[in-house]
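Structure provided below as structure tokens; questions to follow.
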Amino acid sequence: MRRRASALALAAALPLVLAGCGSSGGHGSADAATGGARLSVTGAYIPLPSMPDMAAGYFVLHNDGDRAATLTGVTSPDARSVSMHQSTASTMVDLPNVQVPAHGTVTFARDGRHLMLMGLHPAPKLGARIELNLRFEGAAPVTVQATVQPLTYQPGQ
Amino acid sequence: MTSSLPTRRSLLLGALGGAAALLLTACGSSGSATGASSADGSQITPSMQAQSGPYQGDSLGRTFDKPAVTLTDTSGKPFDLVAGTRGKAMLLYFGYTHCPDVCPTTMGDIAVAVSKLPKDQQSKVDVVFVTTDPARDTPSEIRTWLNAFNPNFIGLTGDIDTIIAAAKSVGVYVAAPVKGQEPVHGAQTLGFLPADGKAHVLYTSGTTTAVFEHDLPLLIKGVTP
């Protein structure tokens with residue numbers, strides 16, 4: 001119910017964003033009316049977590065516009081918290097924000113930049129869609145449905 | 001990861017010139033062994049010899065003995081690492097279960113490679129996961145976590161100082177978790193041969209399933225790099 005309510009609220013406020021999301025999983029886009037940054041997301045997925053209380057999220061961020069934008073944070077109605085991290089050789093560090101250059105692509109992928117989703121509720125199931133809301137500085141927010149994939153899923157294989 | 005390597009490598013090659021080409025090729029994948037040191041203080045790095053060898057993982061250019069420790073397995077029983085894995089090939093990884101990216105990626109890549117081995121070969125390799133966050137990772141939590149990859153994988157916990165010492169003895173950097181900070185996982189997985197029980201091959205974070213798939217039969221066969 002809560003999820004439907006927030007979706008309705010979004011639908012009223014951001015028709016363009018939702019139109020851009022379409023129905024196919026893993027794709028979302030927003031066209032900022034005010035600026036030159038045009039952000040879209042492809043290939044969003046969440047490996048079915050081995051622990052129910054935490055998961056990683058991966059996607060590819062595209063900016064087809066003439067101006068850079070900055071990803072300042074991600075939220076999800078299905079997660080208690082979502083943070084952006086960068087894996088290093090032996091640990092990971094917080095990413096407060098991520099620059100997306102004009103006509104550039106930024107990849108969140110295994111062993112690199114990733115989302116850490118804590119407290120997912122309900123517990124993710126294979127094939128489920130988990131909504132991610134990406135907030136930007138210099139561009140409108142983007143909403144995308146990330147698909148829950150097998151734990152060992154690798155895009156393009 | 002894999003797709004970025006040729007770029008990085010070719011940039012390096014361009015900068016360093018032709019003379020370094022063979023050396024860099026031999027150094028293999030990601031060379032980042034920051035903070036890793038062996039018991040005698042020497043850095044753990046891939047072999048610097050200009051030869052590729054049979055393995056796609058990095059030849060250590062030396063060997064490490066299997067850590068002579070007794071830890072606790074996921075049923076709560078003592079597990080002597082040397083005796084418990086004797087006569088089998090072994091992959092050894094230090095990590096923690098509340099790790100969203102690298103730890104499950106590493107175990108997942110190994111699990112997929114193991115699952116592609118013929119059944120009789122699968123029983124000839126032990127995959128051992130030692131927690132670097134023993135205060136949080138209980139034996140049953142480790143079991144639940146490993147079962148998502150392969151129920152036969154061995155999970156071990158114990159006193160953090162014992163785990164740090166065991167990791168250090170094979171050149172893997174592990175530190176005790178600090179409150180408010182993310183725990184540390186090993187930057188590499190080590191490949192041990194069945195006959196001598198020594199580590200000969202190194203797999204850095206980001207090693208693909210294909211590399212493990214290629215190398216596991218060699219490790220099981222006991223091929224020296």
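Placement of Cβ uses the backbone N, Cα and C atoms for every residue, glycine included.
These came from TrEMBL, pasted as-is:
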| type | residues | note |
| --- | --- | --- |
| BINDING | B:C99, B:C103 | Cu cation binding site |
| COMPBIAS | B:43-54 | compositional bias 'Polar residues' |
| DOMAIN | B:60-189 | domain 'Thioredoxin' |
| REGION | B:35-59 | region 'Disordered' |
Sequence gap of 6 or more, Cβ distance under 8 Å: name the residues on the same chain that satisfy this around B:C103 (Cu cation binding site), in order along the sequence.
B:Y93, B:G95, B:Y96, B:T97, B:H185
Near B:C99 (Cu cation binding site), which residues of its chain come within a Cβ-Cβ distance under 8 Å, counting only those 6 or more away in sequence?
B:P183, B:H185
Quick check on the domain 'Thioredoxin' (B:60-189): DSSP residue counts for helix, strand, coil, in that order please.
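Secondary-structure breakdown of the domain 'Thioredoxin' (B:60-189): 41 helix, 33 strand, 56 coil.
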